[in-house]
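To start, the structure itself, in structure tokens.
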Amino acid sequence: MKGVDDAFLGVGDKPGLDIWCIMGSNLVAIEKSMHGKFYTGNTYIILSTVELKSGIRQHNVHYWVGEEAKEEDCLVASDKAVELDAALGSNTVQYRETQGEESDKFLSYFKPCIIPIQGSLPSPMRISGDKSNQTTMFRCEGEHVARVTEVPFSRSSLDHKAVFIVDTQSKIFLFSGCNSSLQTRAKALDVVKHLKENRHCGRCEIATIEDGKLVGDSDAGDFWNLFGGYAPIPRDVQDTVMTELMTTSSKKLFWINKRNLVPVETHLLEREMLTSDRNYILDCGTEVFLWMGMTTLVSERRTAITALEDYVRCEGRQSSARSVILTEGHETVEFKMHFQHWPKNAVPKLYEAGREKVAAIFKHQGYDVTEIPEDKPRHIISCNGSLKVWLVDSGSVTLLCTEEQEQLYNGDCYIIHYSYIEDGKDYHLFFAWSGQNSVNEYRVAAAALMLSMADSVKGHAVVAQVFEGKEPEMFFLVFKSLIVFKGGRSMAYTNFVFQRSDINGWYQKDGVALFRVQGLKHDCIRAIQVDLAASSLNSSHCYILQAGGSFLTWLGSLSSPSDHSLLDRMMDKLCPLKQSLLVREGSEPDRFWEALGGRSEYSKEKHVKDWPADPHLYTCHFEQGLFKAKEVFSFSQDDLATEEILILDCVQELYIWVGLHSGVLSKEQALDIGKMFLQAGIHQDGRRSNEMTMYIVTEGDEPKFFTSFFNWDYSKQAMLGNSFERKLAILKGSQKLETPKKSIRKSSSSLPRRPPGISSEPTTPEQRAAARSFSSASTGNWKLARERSPAALSPASTPSPSPRSRSSSTSSPSWNSTPSTVARRLFPPSLHASPEAVATGTPRRR
């Protein structure tokens, strides 16, 4: 390829890492056994290739600059990164990584850590000296990735906010600053394990020292003797540079005219400001983005990268600001979030669109075509459990009989309880289902009642809030067959309809109705009543038309034989002992169109299943009262720290995982945190609607449909203690395999001991009141009614409150408060960062 280094030809075809070192004007490939070993005097180019579930390969290019690297090598690296981007079709994201300020994504490639080596890359004939007899000292920061920096072996290197490792000939000491988090301490143990295995061949002692503890600790005495005796550590100094960057809210946008930066005057950033024939710099304080238009030339992009480096250098922010280089059409979520509105990219790539059209043509001609390759089968849930369904109505719930529990109405709310046995354990899955036309008060009530039921069962309980039209596959699996009618049986919906004198579309046994029939590969069928109009039809589906006492089944021209077999099964459910008239698309009788109100246009394109989504994991916290979420890259089970609450984003559904020691008091709090995640726009496709499925999974109650996203080790699930204590027990080979209590609500005595300045329980009257409000909301004043007969479901059986509003999303009183007030209601003080902690990433020392 013209203008591309020969070293880049053919790379990126396989998942994994490719690394090159800049040696003059040449690239030297680094063998895999040396990956993660970076020399401070060199500059490297790293290519990360990941194959997504869709089959598309995702490329990220990083160029790492050592603190002693030559300026010429840095310029060569930036040029080579542009060449590599061109060789890969100009669809990469490029990151400039500075030693000591690497991005979390970059560090996640090299677990447990990278420890830069002093000097330059030696020649093949040169053998580095043995450092096993030297005493070295490392500073460790980071909760999900370890940021390890070698520091001078001196008492002055110690502080209160980090964790330090002192590696001697016979013993490794781990010193935990009093303001370091438990997660940071646990992550530092991974580094200790790495040093023990690689520098000591697994033969050395490990000692842990806590800042401020001296009495009765022989290890602490040995540790301080290394420094000539104990002396107090000075108070931590606030990082003023980082504080200024973190508190700066203004964003600066420039477009690049050759190497000159032209400011773009604006108060709000809009996508329309970026044109495809220009390159732009967006300065967001801690990050500086370079956006390159799709039609810009390679030479223009090289000039733009030089302008970016000049800008960062002139600002004096080479080490404090991270540079990210993007190409139009491949923007990251972090970049899009800085814009007021960013349109969803709904246009498929050219080859994807062409493939789908060809598949539809062959399908239309009767060929069996698989548009999307089947994903590897993932364990969903056992289909041999028992099902119970309650209707939420007038301050109580009514248990439906077996014949009616597979018939839901879109004007009502229901609680579904599915219990099953898996690996000899009892599991309970609860759904709070809200119909599209349900009353808002009943949506809130359904969620509260569901949480109360879940707290009362024995075994492992998982709760989920789902909305009509956005149900996950698992929701339909527990039903086997399901019919969703228009209308409602609750008093609230009945009163609402009669007040408006609007019963159009309400299902009646002798009326006219249209049902779309669909099925899943797990032998599960459903029929959804749709609007009675020809526009509701789709050539990809099959339909049942009820016209008074007669029935017609309509086969779409693009539907499959398996879809046709579902119609007979659904007819037996919907209208037993009734015969239907089979109608194929294109040969409909006049009475078919008359029942639908006449002919009209409808979708005749093949409905293609979406590509399976790649999950992303986020950790949640608050900064100055504002909700923040940070992605955890290359995640594993070890990232589920018991002190945290994490969100697994699977695009169509969210899993909110709650650690037993996170301080979250109820499942209702966890649901509210999920809503805040959606409203913050962090979700992968940028949606801000609350109407998507959210599962609440408590530590220790994880079902297989959650653990299947991880390489799960069940022995870790049974350990006691906080994150640090658990990892230390594994490292020393003395883990306690006892089962912890599976409950979100915990007393203060059962929570792990935290460092000074970190509180695990509400202490002020306001905090206790907020906790009580959440606790009372989950139990509520709602009473559970005993099982009633079907006759009890008559609208006239019980009085009903007048519905005040109808909304597409569940609301909560907490949303009327300020962000800081909401934050303090949702999280204990331990998860709130002080102004100093915002800058340093750690709590303030008292």
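Easy rule for this one: first residue shown is 1, then count along the chain.
Cβ atoms are placed via backbone N, Cα and C, with glycine included.
Record features (TrEMBL):
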- 25-107: domain 'Gelsolin-like' (DOMAIN)
- 147-213: domain 'Gelsolin-like' (DOMAIN)
- 262-335: domain 'Gelsolin-like' (DOMAIN)
- 405-475: domain 'Gelsolin-like' (DOMAIN)
- 634-703: domain 'Gelsolin-like' (DOMAIN)
- 739-846: region 'Disordered' (REGION)
- 746-760: compositional bias 'Low complexity' (COMPBIAS)
- 768-778: compositional bias 'Low complexity' (COMPBIAS)
- 790-820: compositional bias 'Low complexity' (COMPBIAS)
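Residue counts for the domain 'Gelsolin-like' (25-107) under DSSP, helix first, then strand, then coil, are 24 helix, 29 strand, 30 coil.
Helix, strand and coil residue tallies for the domain 'Gelsolin-like' (634-703), in that order: 16 helix, 17 strand, 37 coil [DSSP]. On the 0 to 100 pLDDT scale, the domain 'Gelsolin-like' (405-475) averages 93 in the predicted structure. For the domain 'Gelsolin-like' (147-213), the number of residues in each DSSP class (helix H, G, I; strand E, B; coil) is 21 helix, 22 strand, 24 coil. Helix, strand and coil residue tallies for the domain 'Gelsolin-like' (405-475), in that order: 20 helix, 31 strand, 20 coil [DSSP].
Each residue in the domain 'Gelsolin-like' (262-335) gets a DSSP state, and the totals come to 24 helix, 19 strand, 31 coil.
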